Each structure stands twice: as structure tokens, then as C-alpha cells.
Amino acid sequence: MKSQIFFAVAALFLLTVRTYASKSKEQDLRDALFSAMFSADNQLNPQERECRYWLGTCSKTGDCCSHLSCSPKHGWCVWDWTFRK
């Protein structure tokens with residue numbers, strides 16, 4: 001009887017230790033993700049945007065790819081009737 005109680009208490013202790021360890025790993029992972037998301041490095045180095053393709057939204061012709069121009073009526077990149085290689 002004493003051995004059964006001892007094994008039950010030991011099993012509960014091991015389960016508690018295992019749960020605590022997994023929670024600590026989860027917290028470390030959460031902290032790492034938050035620091036990566038909110039780091040200032042991403043804000044200081046903006047990336048250059050690609051050109052907009054046919055029927056992509058634009059505000060000026062420079063937003064569109066080389067063979068397209070921005071239509072002032074609709075604000076879309078449309079073909080400018082040129083042929084290039």
C-alpha cells in the first residue's frame with residue numbers, strides 16, 4: 001500500500017515538472033517571437049517595392065512596370081501601346 005502511494009506521488013511530481021518545463025519553453029518561444037515582430041531593425045531598412053502589373057492599382061506611372069502606364073481615370077496600370085524586348 002505504501003509503495004502504491006509513493007509511486008502515485010512520484011508520478012504526480014514528474015508530471016508537474018514536465019508541465020512546468022514545457023510552459024517555460026513556450027514562454028521563451030513567445031518572447032522570441034514578440035521581439036522578432038517588434039524589433040526596430042525591420043523599420044529602419046525599408047524594402048524597395050516591385051512594379052505593379054497589368055490592372056494593378058497605382059497613383060502615378062512610376063508605380064507601374066515599364067510597359068504600362070497609370071490610367072488617371074481608374075487608377076489602374078494599363079498597357080501604353082509600346083512594344084519592347
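Using N, Cα and C of the backbone, Cβ positions are placed for all residues, glycine too.
Quick look at what Swiss-Prot lists:
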- 1-21: signal peptide (SIGNAL)
- C51-C65: disulfide bond (DISULFID)
- C58-C70: disulfide bond (DISULFID)
- C64-C77: disulfide bond (DISULFID)
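When the Cα atoms are compared, C77 (disulfide bond) and C65 (disulfide bond) turn out to be 8 Å apart. For the pair formed by C58 (disulfide bond) and C65 (disulfide bond), distance between Cα atoms is given as 11 Å, rounded to the nearest Å.
Taking the disulfide-bonded residues C51, C64, C65 in turn and counting surrounding C-beta atoms within 10 angstroms, the largest count is reached at C64.
Annotation for C70 (disulfide bond): spatial neighbours C58, S59, K60, T61, D63, C64, W76, C77, V78, criterion Cβ-Cβ under 8 Å with sequence separation of six or more.
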